[in-house]
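Marked as Ca(2+) 1 binding site by Swiss-Prot: Asp378, Asp380, Asn382, Cys384, Glu389. Residues annotated as Ca(2+) 2 binding site in Swiss-Prot, with a curator's inference given as evidence: Asp417, Ser421, Arg423, Asp428. The compositional bias 'Low complexity' annotation in Swiss-Prot covers 72-98. Marked as domain 'EF-hand 1' by Swiss-Prot: 365-400. Residues or ranges marked as domain 'EF-hand 2' by Swiss-Prot: 404-439. What Swiss-Prot lists as intramembrane segment is 181-200, 302-321. Per Swiss-Prot, the feature region 'Disordered' maps to 67-109. The topological domain 'Cytoplasmic' annotation in Swiss-Prot covers 1-144, 229-274, 349-443, and the record cites sequence analysis as its basis. As annotated by Swiss-Prot, transmembrane segment applies to 145-165, 208-228, 275-295, 328-348.
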Amino acid sequence: MANDGNGDNNDDPLRQYLMNPRINPPPPSLLTLPENNDVTIPMPITPLELKNRLIFGSFVRSRKESSLPIDALSQNPSTSSSATTSFSDSTDLLLPLTEPNKPVRKSKPTINFHRSKTAPAMAAINNISHPNDPKTDQQSDSKTIVNQAVALLVVYLSLGVLIYWLNRDSYNVKQTHPVVDALYFCIVTMCTIGYGDITPDSVVTKLFSIFFVLVGFGFMDILLSGMVTYVLDLQENYMLETARNESLNLNDRDKVRSYIIDVKKGRMRIRLKVGLALGVVVLCLGFGVLIMHFVEKIGWLDSFYFSVMSVTTVGYGDRAFNTLAGRLLAAMWLLVSTLAVARAILFLAESRVDKRNRERAKKVLGESMSISQFLDADIDCNGCVSKAEFVIYKLKKMDKITEKDINPIGFQFDKLDRTNSGRITLLDLLESSTKDLPTATSI
């Protein structure tokens, strides 16, 4: 392609292309067959161009997308422009034949939008809509209950001591100290033990005792649901965190830990709760035996008998605390021991219910579905049972949920589903966040 003598390469197609780049014109709708001209061999397309053609449809190769060597080699100065343009772009062979005199439509690239699960904007939206952390709210609520329980306990005991102090002559009692006797009387009355060593002897004190007993029932429930539950939850969370953070390599220790703590479900096993509660009861019994034997100067058998009667709130009245130190220690011991026994009884009942629920769940999951059960599980009556319907049906059979539990959830779903399409979209959620929704629905 080079000229002789002067070395002028003006006829070199590659040099001409680099000095004066061009963009190939779009090919005609019908390809003309070259007859008198030279036929140029179409150059193969690159894999990237083939991928773009399959994804975005037909396109005209631009100067940036075209390969310089391919366009330069495909240019032949001895041939006519019609033959060159007919086979200049090999990708045009993929185009289907169209009708004559009809312009070729360029298909627009299809853009599909997909939600990114790692998009940080979703976290910002969630923070705006739900700024509070449920765990933080639950901990703050528990602390609030504990503070209220402590305040009510102080008010209850202070009021009882004040009334006893003002009417201390209206009680049949072996007096030691008015404040200690009043505190001892309030604790014994609130715990419903009733030794009979301190009894009211006037109208005012009897009315006060009636009021004090009735209020004491409700107050014991507050203590059980508030302070004791909070302390046990703290202990459970501490043990769970310790079990998660420990790196134990021994299989035997792993088996013991899995037997005591269910790390996967994030809770203590009910057998451990019952064992701890019974252990606390045994400690309370032992502490009571020591108080009665060394302080009240009672024999070991009578001390154990009196301790059991006191912890279980039976209180026959044949024994009682008569010394100042004994009544002062009994005021603290009886409050803790009666709460521990009540909690142990609740854990025992919970273990029985948990065992019954496990047996029922095992039975429900083991049985096959009959035609009548299929019809019951088909909630929307469309002739088929979806996975959600199957799960709801099985949970109902296990007595884990009822219609009263499902209806409020469905009512809240209908409020979020603005378009009644049977599904909640992000647009529906953003629209509903601007309006006040009930945080809880009464069941």
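Counting starts with 1 at the first residue shown.
Here the Cβ of each residue, glycine as well, is placed from N, Cα and C on the backbone.
Neighbours of Ser421 (Ca(2+) 2 binding site), defined as other CB atoms within 10 A of its CB across all chains, total 9. Nonlocal intrachain contacts for the domain 'EF-hand 1' (365-400), taken as residues 6+ away from its ends with a CB within less than 8 angstroms of a stretch CB, comprise 357, 406.
Taking a C-beta cut-off of under 8 angstroms and a sequence separation of 6 or more, Asp417 (Ca(2+) 2 binding site) has the following same-chain neighbours: Arg423, Ile424, Asp428.
Put simply, Ser421 (Ca(2+) 2 binding site) is 18 Å from Glu389 (Ca(2+) 1 binding site) when counted between their Cα atoms.
Taking DSSP states H, G and I as helix and E and B as strand, the domain 'EF-hand 2' (404-439) has 21 helix, 0 strand, 15 coil.
Sequence-distant contacts of the intramembrane segment (181-200) (same chain, six or more residues past either end, CB-CB distance under 8 Å): 156-157, 160-161, 164-165, 168, 170-175, 206, 208-209, 212-213, 216-217, 219-220, 310, 313-315, 317, 319-322, 327-328, 330-331, 334-335, 338. Summarising the environment of Cys384 (Ca(2+) 1 binding site), the number of other Cβ atoms within 10 Å of its Cβ, over all protein chains shown, is 10.
The sparsest Cβ neighbourhood within 10 Å, among the listed binding-site residues (Asp378, Asp380, Glu389, Asp428), is found at Asp380. Panel annotation: around the intramembrane segment (302-321), residues 184, 188, 191-197, 281, 284-285, 288-290, 292-293, 296, 327, 330, 334, 337-338, 341 of the same chain, lying at least six beyond its termini, place a Cβ under 8 Å from a Cβ of the stretch. Distance between Cα atoms for Asp380 (Ca(2+) 1 binding site) and Ser421 (Ca(2+) 2 binding site): 14 Å, as a whole number. Within the set of binding-site residues Asp378, Asn382, Cys384, the entry lying nearest in space to Ser421 (Ca(2+) 2 binding site) is Asn382 (CA atoms). Annotated Ca(2+) 1 site Asp378, Asp380, Asn382, Cys384, Glu389; additional same-chain residues within 8 Å of its Cβ mean position, judged by their own Cβ, are Ala377, Ile379, Cys381, Gly383, Val385, Ser386.
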